[in-house]
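> Features from TrEMBL:
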type	residues	note
REGION	1-58	region 'Disordered'
COMPBIAS	45-55	compositional bias 'Low complexity'
TRANSMEM	161-181	transmembrane segment
TRANSMEM	193-214	transmembrane segment
TRANSMEM	226-244	transmembrane segment
TRANSMEM	256-274	transmembrane segment
TRANSMEM	311-327	transmembrane segment
Amino acid sequence: MQRPTYGQSPPLHHPVPQHVSTVPQLRSPPPLTSQPQGHGYDGSPYPQQQQQAPPGGNMFAQYGNFMNDPTAQIATQFGQTAFRQGQDYLEKNVNRLVNVSALKHYFNVTNSYVINKLFLVLFPWRHKPWTRRQASEVGTGGGQEAWFYLPPRDDINSPDMYIPVMSIVTYVFLRTLFAGFRGEFEPQLFGSVATIAIVMMILEILALRIGCYLLNISNQSQLLDLMAYSGYKFVGVIVTIAVSEIFNGGKGTGGWVGWTLFVYTCLANSLFLMRSLKYVLLPENNNTNQGPMQTMHPLDSRAKRSQRTQFLFAYSYPVQALLMWILCRP
C-alpha cells in the first residue's frame, strides 16, 4: 500500500525577537587616577565628592589645629601645673614616713647579685669576707670627705629589699597553691597567710629596735637594714615547704625530709644573720670615724660587746628557729 502524497510543505520560519536587548560587556575599572568625575563604581547615580587634602599633604592638620586653640593651651598648662603640684605634695608627705632616696639603694640589684645572694643565704658556710664594702666622696667645694656603703649590685654582703619582698610574695602564693592541692583552698587564705607573715615581721623588727635601744646601738639606715635581714628567712622557708611537699606527696612538711630541710635551712639562715648583722650590733673598736659604721668607746667596749653578742646569738638562733617553725607549719 502506498502512502498518499501531499503537497509540498511550507518552509519553516524561526521566531524573530520583537524587543532587542543589549548585554553590557564587563570591563575592569580604570585606575583611580583616571576615575571620571561623574558616576562612581559603587553603582550610585550621585557624583562622589572628593575630599580636598590640606596644604602640605598632612591629613591630620585639622586635628593639629586644636592645640593652637587658646582655650586648649590654657587647659594643658593648668593640667601640667596641677600634676606637678600633686607630685610635689606626694613626695613631701611620703618622705616624712619613708626616705625614698634611701629606699632606692636597697632595690639597686642585678640578676647576678640575686643569684649569688640566694646561694649565699642557703650555703653561707665557706663565704669570706663578710664585711661590707665602703666608698668615699668629697663634698662640693672641697668639703669633708663622706663615706657610704656600696649598693647591693656592687657588694654581695649588702642587704637588699628585692629578695625579701619577692620571697614574701612567693611564700603567700606557695602556701595557697599547696592548700589548693589538698582541697583546702579558700580566697581568704591569701589575706590570712600574708597577714601572718607581715605581722611576724613587724613584731620581729619591733623587738630588734627595742633591743638596739636598750643596748644603745645606733647605725645609719639601721631600720631598713633590719627590715631587709628579717626577710631572708623566707628563702629557707620556701625551700623547706616546696621540697617537703613534693617528697611527702602533699602531706605537709612533716617526716624526716621536712625536718632535715628545716634544720639545715634554719642553721644556714642563723649563720648568715650572725655574720651579716655583726657590723650593726657589734661595731668595731677603732678611734677613726671613717665610714658609716658606728664605733665604740674603748672603756665600755668589753661589757657592751658581751651583751650585744648574747643579744645577736639569741636573735639569730632561737628566735629565728621559732619564727621559721611557725611559717613552715601547714
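From the backbone N, Cα and C atoms, a Cβ is placed for every residue, glycine too.
Model, not experiment: these values are computed from the prediction.
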> Could you tell me whether the transmembrane segment (256-274) and the transmembrane segment (193-214) have 3+ CB pairs under 8 A, leaving out pairs under 6 positions apart?
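No, since the transmembrane segment (193-214) and the transmembrane segment (256-274) share fewer than 3 Cβ pairs closer than 8 Å, they do not count as touching.
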> The transmembrane segment (256-274): which same-chain residues, six or more beyond its ends, come within Cβ distance under 8 Å?
120-125, 229, 232-233, 235-237, 239-240, 243-244, 247-248, 312-313, 315-317, 320-321, 324-325, 328
> Counting only residues 6+ away from its ends, which parts of the chain sit with a Cβ under 8 Å from the transmembrane segment (311-327)?
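For the transmembrane segment (311-327), the far contacts come to 171, 196-197, 200, 204, 207-208, 211, 215, 233-234, 236-237, 240, 262, 265-266, 269-271, 273-274, 277-278, 281-282.
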